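Feature list (source: TrEMBL):
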| type | residues | note |
| --- | --- | --- |
| ACT_SITE | Cys130 | active site, nucleophile |
| BINDING | Lys47, Asn71, Ser72, Met73, Gly74, Leu75, Asn127, Asn193, Ser194 | substrate binding site |
| BINDING | Lys47, Ser48, Asn127, Lys164, Ile192, Gly221, Gly249, Gly250, Gly271, Thr272 | FMN binding site |
| DOMAIN | 7-293 | domain 'Dihydroorotate dehydrogenase catalytic' |
Amino acid sequence: MTNISISANIGNEVFQSPFINAAGVFDETAAEMNQILNSEAGGVTTKSATLKPRKGNPTPRYADTKFGSINSMGLPNQGLDYYLNFIEKNEINKPIDLSISGTSREDNLTALKKVQKSSFTSLCELNLSCPNVIGKPQVGYDLTAIEETLTAVFEFFTKPLGLKLPPYFDLQQYDAVAKILNKYPLTYINTINSVGNGLVVDAKTESVVIRPKGGFGGIGGTYVKPVALANVRAFRQRLNPEIKIIGTGGVKTGLDVFELILCGADIVEIGTALAQEGPHIFARLKQELTDIMQEKGYHQLSDFRGKLKEYQN
Ligand code: SIN
């Protein structure tokens, strides 16, 4: 294990281990973010922030299921100032993924102007893919809206910017989205958000399992791993090499981390499994990933990143 490094870079940030929490899990309050920072996670993601604090959707709005989870949180968060203040007041020596998710383009631009004026220098992630804001479609499925948003953002935003994308399912969607993203100086994308508007049924009570939106919600966990692998792979094959990729979706073990990196992820984020297991998961992932690398004779992540092979007989 001694000569194995699992560090990774995005922009100017160095992640000593290639996994952090997914936005929305263990990151709404300072206490939760500190738990992530004190674990073996390589950095911390903040809960997607709106301009003002927000209560989110009515409860129950999250349920664990046999193969993962369903949620319709609706962006409960403490407001952007809270997260900027947490970052400014604490000496944080790990990378930060500051997630922004305004409920309109105007709000996103106002929030990013605030980040631009602040002393924040780590990674800022614009979430264009929350499926749970009642009455609002996911911007990431509207190509014109993605392009108009990015054009407006890069008129003033000069800090490292990433985009959180929804899952895509058609090769032409990847072509079209990548063509747009490649026009802008993005530092990274984060793919995938939950698979939006799934439905989980409790046969015993013959009802849905969460209250908002008639039970429709974002699906995470083991169900979505193949979709995450496909999105990471498809974007790595299409994006300019300087745009890095955070792979998110269905990671539970070191083997899942290995597979996402093999598909081209620079680092990965953990959502459902972190909600279920808690921040100790990062120490387990570190051990499991390192064991796999040792067994395969790899010394660093770049030895296998993006090197997924075609079908072998
Ligand atoms: C939520 O708060 O509803 C989840 C965040 C997201 O899916 O982007």
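Using the three backbone atoms N, Cα and C, a Cβ is placed for every residue, glycine included.
TrEMBL annotations: computationally assigned, not manually curated.
Ranking the recorded positions Cys130, Ile192, Gly249 by the distance of their Cα atoms from the Cα of Gly74 (substrate binding site) places Cys130 first. In this model, the domain 'Dihydroorotate dehydrogenase catalytic' (7-293) carries an average pLDDT of 98. On a Cα basis, Ser72 (substrate binding site) lies 9 Å away from the residue listed as 'active site, nucleophile'. Of all the binding-site residues listed here (Ser72, Asn127, Ser194), the one with the fewest other CB atoms within 10 A of its own CB is Asn127.
For Gly271 (FMN binding site), the nearest of the binding-site residues by C-alpha distance turns out to be Ser194; the candidates were Lys47, Ser72, Asn127, Ser194.
With a cut-off of under 6 Å between the Cβ and any atom of ligand 1, the recorded positions Lys47, Gly74, Cys130, Ile192, Gly249, Gly271 reduce to Gly74, Cys130. For Lys47 (substrate binding site), the number of other Cβ atoms no farther than 10 Å from its own Cβ, over all displayed protein chains, is 26. Most Cβ neighbours within 10 Å, among the binding-site residues Gly74, Gly249, Gly271: Gly249 holds that distinction in the structure as shown. According to DSSP, Asn127 (substrate binding site) is assigned to a strand segment. Ranked by CA distance from Gly249 (FMN binding site), the binding-site residues Lys47, Ser72, Asn127, Ser194 have Ser194 at the top as the closest. Around the Cβ of Ile192 (FMN binding site), the same chain contributes Ser129, Leu165, Pro166, Pro167, Val224, Val227, Ala228, Asn231, Thr248, Gly249, each under 8 angstroms and 6 or more positions distant in sequence.
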